[in-house]
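Going by Swiss-Prot, these are the annotated features:
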type     : residues                       : note
BINDING  : Cys320, Cys323, Cys341, Cys345 : Zn(2+) 1 binding site
BINDING  : Cys332, Cys335, His353, Cys357 : Zn(2+) 2 binding site
COMPBIAS : 371-381                        : compositional bias 'Basic and acidic residues'
REPEAT   : 79-108                         : repeat 'ANK 2'
REPEAT   : 159-188                        : repeat 'ANK 3'
ZN_FING  : 320-357                        : zinc finger
Amino acid sequence: MGHIKKGELTQEEKELLEVIGKGTVQEAGRLLSSKNVHVNCLDENGMTPLMHAAYKGKLEMCKLLLRHGADASCHQHEHGYTALMFAALSGNKDITWVMLEAGAETDVVNSVGRTAAQMAAFVGQHDCVAIINNFFPRERLDYYTKPQGLDKEPKLPPKLAGPLHKIITTTNLHPVKIVMLVSENPLLADAAALGKCYRVMDLICEKCMKQRDMNEVLAMKMHYISCIFQKCITFLKEGENKLDTLIRSLLKGRASDGFPVYQEKIIRESIRKFPYCEATLLQQLVRSIAPVEIGSDPTAFSVLTQAITGQVGFVDVEFCTTCGEKGASKRCSVCKMVIYCDQTCQKTHWFAHKKMCKSLKDVYEKQQIEAAKHKRQEEKNGNPNVSSNHVNEDQPEAEEGITQENSIPSDSVEGEKEAANDTGLASAQDAPTGPQLSEE
């Protein structure tokens, strides 16, 4: 099959397109082994089998087609859509990632001038937008694992490439999350290893700014992660388990409202240290953050996240109070006002939250009373279905959780003494667990 024309499908190719929609991977594999099937055949609209599989959200089918040589960057669709665009429109994060790993081009535009990320944003698939905007090909990192020019050793030991790539491609830029990713990997949790990593990040940042098609967003992300790595090195040099100390410092809230001032200052400092002061993105970030008083909205983290990942703040989704991970669903059983990924994050944050838990519980109960009063008024007026901005009535009542008195561990007094230290010197592993978590 030397050339491929739209709509000129063999019987087996027509069967393949049907199997992609309704059949099994095994059936598709059998058809792909036929000499009468071209893996990049085009239907009458210029769609390849891979585009069909991506649009229908068939992950294993996509992997099979790619193994058989499917072109992830095919641009023959009548409206200029690519497999990556269909994956992003479907909202399937795994397929979007697979397409990117297969070499799908991210800057191709369709007939209305939109890229895959822009199409995903248009239909509200913000997770896919973040994945595309944060993708960094492993090959670009592997370049630094080989000696270049007169170098006798590579700038990055090959064993560090995998763990570092995981952090580079993360869509969660919360400093606590980055420190956690470093801490949980023995290869990275070493001052010398992190030193090599942050220097490579700085080189990538420089390359992004000096290349012909300048990439300020990626440069800022590399610089920011480099700054977090350097902060990790400072704490690691103080002794064992000092990354736990850094995490506690980032989470420690001020007495008045629990706002993590140190975390805010670290992020602002990282942005301020960006070495290319003429960059448009830097100027936008500074204009958005500088006038804001520490503790007010928007926070430096929210502004930076929106600029780098493309995620928007108004999306109706919860984030973990500890690590910023999206989709957290476990509420503190006492105050029901803070949300976590799991008990690990809840335990890590308890040293800071225990000082605010009771006051937050009071706020929650007042909201419940106001919501109940508002609901009764709606029913009295004969209009019970009018939407309200108050706390969701479906949330469990505060009394159903563990009572505040029983929730404070016996060592809470010791914890209060620890909290007086600005950097929170105790290990997060020693932190009391506090109240249990409840499903949202």
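Note that Cβ sites are derived from N, Cα and C of the backbone, with glycine treated the same way.
Positions of Swiss-Prot features highlighted on the structure.
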residue: Cys320; record: Zn(2+) 1 binding site; DSSP (3 states): coil
residue: Cys332; record: Zn(2+) 2 binding site; DSSP (3 states): strand
residue: Cys341; record: Zn(2+) 1 binding site; DSSP (3 states): coil
residue: His353; record: Zn(2+) 2 binding site; DSSP (3 states): helix
Residues flanking the Zn(2+) 1 site, with Cβ no more than 8 Å from the Cβ centroid of Cys320, Cys323, Cys341, Cys345 and excluding those residues themselves: Lys177, Thr321, Thr322, Gly324, Glu325, Ala328, Tyr340, Asp342, Thr344
Local confidence of the zinc finger (320-357) - pLDDT mean: 93
The repeat 'ANK 3' (159-188), counted residue by residue under DSSP: helix, strand, coil: 19 helix, 0 strand, 11 coil
Alpha-carbon distance [Cys320 (Zn(2+) 1 binding site); Cys335 (Zn(2+) 2 binding site)] in Å: 15
Whole-number Å value for how far Cys345 (Zn(2+) 1 binding site) lies from His353 (Zn(2+) 2 binding site) (Cα to Cα): 11
Tally of residues which DSSP labels helix, strand or coil - the repeat 'ANK 2' (79-108): 17 helix, 0 strand, 13 coil
Rounded inter-Cα distance in Å - Cys357 (Zn(2+) 2 binding site), Cys345 (Zn(2+) 1 binding site): 15
Spatial separation of Cys332 (Zn(2+) 2 binding site) from Cys345 (Zn(2+) 1 binding site) - C-alpha basis, Å: 11
Entry from the binding-site residues list Cys320, Cys332, Cys335, Cys357 having the most other CB atoms no farther than 10 A: Cys332
Sparsest-packed of the listed binding-site residues (Cys323, Cys341, Cys345) - C-beta count within 10 angstroms: Cys341
Inter-residue C-alpha distance, Cys323 (Zn(2+) 1 binding site) and Cys332 (Zn(2+) 2 binding site) (nearest angstrom): 15
Pairwise Cα distance for Cys332 (Zn(2+) 2 binding site)/Cys341 (Zn(2+) 1 binding site) [Å, integer]: 11
Secondary structure composition of the compositional bias 'Basic and acidic residues' (371-381) [DSSP: H/G/I, E/B, coil]: 10 helix, 0 strand, 1 coil
